[in-house]
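K.L.:
Okay, so Swiss-Prot annotates it like this:
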type    : residues                                                      : note
BINDING : GLY12, PRO13, SER14, GLY15, SER16, GLY17, LYS18, GLY19, THR20 : ATP binding site
Amino acid sequence: MSKEIPVITVDGPSGSGKGTLAQQLAQHLEWHYLDSGAMYRVLALAADKHGIAPNAPKQLETLAQNLDVRFISGLEGMPARVFLEGSEVSDSIRREECGNAASKIAALAEVRGALLMRQRAFRKAPGLVTDGRDMGTVVFPEADLKIFLTASPYERARRRYKQLKEKGIGANLKNLEKEIAERDRRDCERNIAPLKSADDAIILDSTNLAIKEVFQQVLPWLSGKNT
């Protein structure tokens, strides 16, 4: 790790398990954690709340610059709690429609520029673990360790389906797989900060791995050993 405040980035597509892994690493190291995707989801939710269309870049830029968002780390194994304008929105931002809206506004240069410095401000001692789609390529290109976590579209849809069923929310597996494929296309083809692995990232396919197995495989990398 560098002498500067160290950063570990975990990038990857929706449903790859990057958020779970990043939180586990942050808890293990007792570092700060940033869910960058949640910032776009919160912005999408705020835009809907204030009647701002997803194709209004200037209005979204202003909203992003003044976004009243707060993250509170969850207990071990639990996701971070997210607050928008003082109200908890942890569940609301995880809905499929919010994720799809976030993917659309994330393609806007004005939005990404407005959130860039806010994301970098999370870099505080003793260190930061962050997950997203461009953490290792754009936000923290100098990160000490970059991980790109992926999984097959079907497996990612299956995981999402299981999550929704456990929450009592109805879902269709085939529709989820189509939505994930469409989101992948948008994320990979956008002109600004497309989803891709950094040249110096370690790529890990989690399709056939349990959460604990992914974590155990990554642990040695913290000391510079990718075995």
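Glycine is no exception: its Cβ is also placed from the backbone N, Cα and C atoms.
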K.L.:
Within 10 Å of the Cβ of THR20 (ATP binding site), how many other Cβ atoms are there?
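P.N.:
Cβ-Cβ neighbours of THR20 (ATP binding site) within 10 Å number 19.
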K.L.:
Same chain, not part of GLY12, PRO13, SER14, GLY15, SER16, GLY17, LYS18, GLY19, THR20: whose C-beta falls within 8 angstroms of the C-beta centre of the ATP site? Give them in sequence order.
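P.N.:
Apart from the listed residues, the neighbours are LEU21, ASP131, LEU149, ALA151, ARG156, SER206.
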K.L.:
Cβ atoms within 10 Å, counted per site: which of SER14, SER16, LYS18 has the most, among these binding-site residues?
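P.N.:
Selected residue: LYS18.
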K.L.:
List every residue in the same chain as GLY12 (ATP binding site), at least 6 positions away in sequence, whose Cβ is under 8 Å from its Cβ.
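P.N.:
Within the chain, GLY12 (ATP binding site) has Cβ neighbours under 8 Å at LYS18, ASP131, ARG133, PHE148, LEU149, THR150.
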